[in-house]
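Chemist: Once you've had a glance at the structure underneath, I'll fire off some questions.
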Amino acid sequence: MAMPKEQFFLILISFSSLIYPSQSRLSYDYYSKSCPNFNKIIQETVTTKQITSPSTAAGTLRLFFHDCLPNGCDASILISSTPFNSAERDADINLSLPGDAFDLVTRAKTALELSCPNTVSCADILATATRDLVTMVGGPYYNVLLGRKDYRISKSSYVEGNLPRPTMPMSKIISLFAAKGFSVQEMVALSGAHTIGFSHCKEFKSYLYNDTHYNQRFAQALRNACADYPKNPTLSVFNDIMTPNNFDNVYFDNLGKGLGLLESDHGLYNNPITNPFVQIYAKDEKKFLSGFCKSHGEAKCLWIKTGRRGEIRRRCDAIN
């Protein structure tokens, strides 16, 4: 029997809570005494931001993923570069991370510093805000383990080769995730994050004229939508054109109809190793949700920092 839908976002818990028992100081009520209004402040900040900027949920989920996959869920993605150091956020693949996601964390941190100074980590803010946002756009509520610390190091050189690119061959994407301990099925389940959000035209425009995997009417619509690129590099299209604001399995169903947006989306459907899992998830949303959960139930490679391995930053964009 499939796991209940509420377990779907255990993936995000696992992104933010891989722990070794001897090192862990995490708990669900970590701030109950030191910052009793923590959840309330995060919820209020998230609600205001999402209502004002509806793309915040997808942007924050992407920011969270880009923080976690290279070297752990430690808020190192939030640190700004200096004249002496090029930080993760300035790596080529991270330059398109949306400003709304960074702004959300900054707003939450400012409010929390006023309520309980030098207490809440930026890593916990990002993890909890992501949870609250996916709940707002249709995902279930889930508990987040808290008490992680912020990493003191952020280098753009750490990023290359540790995040998948939409133009990568599927074999290379499989290898990238395998190197971090993920099976093919887990990798396919993770790709379901494309059920929300959008991609810029630069990520797919060059394929629109010679890739026969696109539905031709869809390809023409994309060519029209991106007609002013590169004059306007901000042009973008929803990853899931059918239900762009809902967490569901329609993304996988789209792939079989030629409605995948990115080359990596087509790769999922056309690769004989990944296609069976795409078919399973397209037919059964419960299996997709269950698979998304299971893919991080074993959480093999996404380290968090606790104790002296990190710090509580006063500002999320700068090391103390």
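From the backbone N, Cα and C atoms, a Cβ is placed for every residue, glycine too.
Here the structure is a predicted model, which means the values were calculated and not measured.
Copying in the features that TrEMBL gives for the protein in this structure:
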SIGNAL    1-24  signal peptide
DOMAIN    25-320  domain 'Plant heme peroxidase family profile'
DISULFID  Cys35-Cys116  disulfide bond
ACT_SITE  His66  active site, proton acceptor
BINDING   Asp67, Gly72, Asp74, Ser76, Glu88  Ca(2+) 1 binding site
DISULFID  Cys68-Cys73  disulfide bond
DISULFID  Cys122-Cys316  disulfide bond
BINDING   His194  heme b binding site
BINDING   Thr195, Asp240, Thr243, Asp248  Ca(2+) 2 binding site
DISULFID  Cys201-Cys226  disulfide bond
Chemist: List every residue in the same chain as Cys316 (disulfide bond), at least 6 positions away in sequence, whose Cβ is under 8 Å from its Cβ.
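Modeler: Within the chain, Cys316 (disulfide bond) has Cβ neighbours under 8 Å at Ala75, Leu78, Ile79, Val105, Thr106, Lys109, Cys122, Ile125, Asp150.
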Chemist: Cα-Cα, whole number of Å: Glu88 (Ca(2+) 1 binding site) versus Cys201 (disulfide bond)?
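Modeler: Cα-Cα, rounded: 23 Å.
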Chemist: Just how many other Cβ atoms lie inside 10 Å of the Cβ on Cys201 (disulfide bond)?
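Modeler: A count of 22.
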Chemist: Within a 10 Å radius of its Cβ, which of these disulfide-bonded residues (Cys35, Cys73, Cys116, Cys122, Cys226) has the fewest neighbouring Cβ atoms?
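Modeler: Relative to the other disulfide-bonded residues in Cys35, Cys73, Cys116, Cys122, Cys226, Cys116 has the fewest Cβ atoms within 10 Å.
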Chemist: Within 10 Å of each Cβ, count the other Cβ atoms, then let me know which of the binding-site residues Glu88, Asp248 comes out lowest.
Modeler: Asp248
Chemist: Neighbour count, 10 Å Cβ-Cβ cut-off, for Thr243 (Ca(2+) 2 binding site): what number do you get?
Modeler: 17
Chemist: What Cα-Cα separation, expressed in whole Å, is found between Asp248 (Ca(2+) 2 binding site) and Cys35 (disulfide bond)?
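Modeler: The Cα atom of Asp248 (Ca(2+) 2 binding site) is 34 Å away from the Cα atom of Cys35 (disulfide bond).
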Chemist: For the recorded Ca(2+) 1 site, whose residues are Asp67, Gly72, Asp74, Ser76, Glu88, find every other residue on that chain with a C-beta no more than 8 angstroms from the centre of their C-beta atoms, and list them by sequence position.
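Modeler: What remains near the Cβ centre is Cys68, Pro70, Asn71, Cys73, Ala75, Ile77, Ala123, Tyr151, Ser154.
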Chemist: Determine, for the Ca(2+) 2 site, the additional residues of the same chain whose CB lies within 8 Å of the mean position of the CB atoms of Thr195, Asp240, Thr243, Asp248; present them in sequence order.
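Modeler: Filtered neighbour residues, in order: Ile196, Met242, Pro244, Asn245, Asn246, Phe247, Asn249, Val250, Tyr251.
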Chemist: Does anything in the same chain, at least 6 positions from the residue listed as 'heme b binding site', have a Cβ under 8 Å from its Cβ, and if so what?
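Modeler: The residue listed as 'heme b binding site' has long-range Cβ partners Asn239, Asp240, Tyr251, Leu261, Leu262, Asp265.
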Chemist: For a quick check of packing: other C-beta atoms within 10 Å of the C-beta of Asp67 (Ca(2+) 1 binding site), how many?
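Modeler: There are 30 of them.
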Chemist: Cα distance, Ser76 (Ca(2+) 1 binding site) to Thr243 (Ca(2+) 2 binding site), nearest Å?
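Modeler: Thr243 (Ca(2+) 2 binding site) to Ser76 (Ca(2+) 1 binding site), Cα-Cα distance: 32 Å.
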Chemist: Find the average pLDDT over the domain 'Plant heme peroxidase family profile' (25-320) in the predicted model and report it.
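Modeler: Mean pLDDT, the domain 'Plant heme peroxidase family profile' (25-320): 90.
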Chemist: Select the most exposed residue of Asp74, Asp240, where exposure means the fewest other Cβ atoms within 10 Å, treating these as the binding-site residues.
Modeler: Asp240
Chemist: Please report how many Å separate the Cα atom of Gly72 (Ca(2+) 1 binding site) from that of Cys201 (disulfide bond), as a whole number.
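Modeler: So the alpha carbons of Gly72 (Ca(2+) 1 binding site) and Cys201 (disulfide bond) sit roughly 29 Å from each other.
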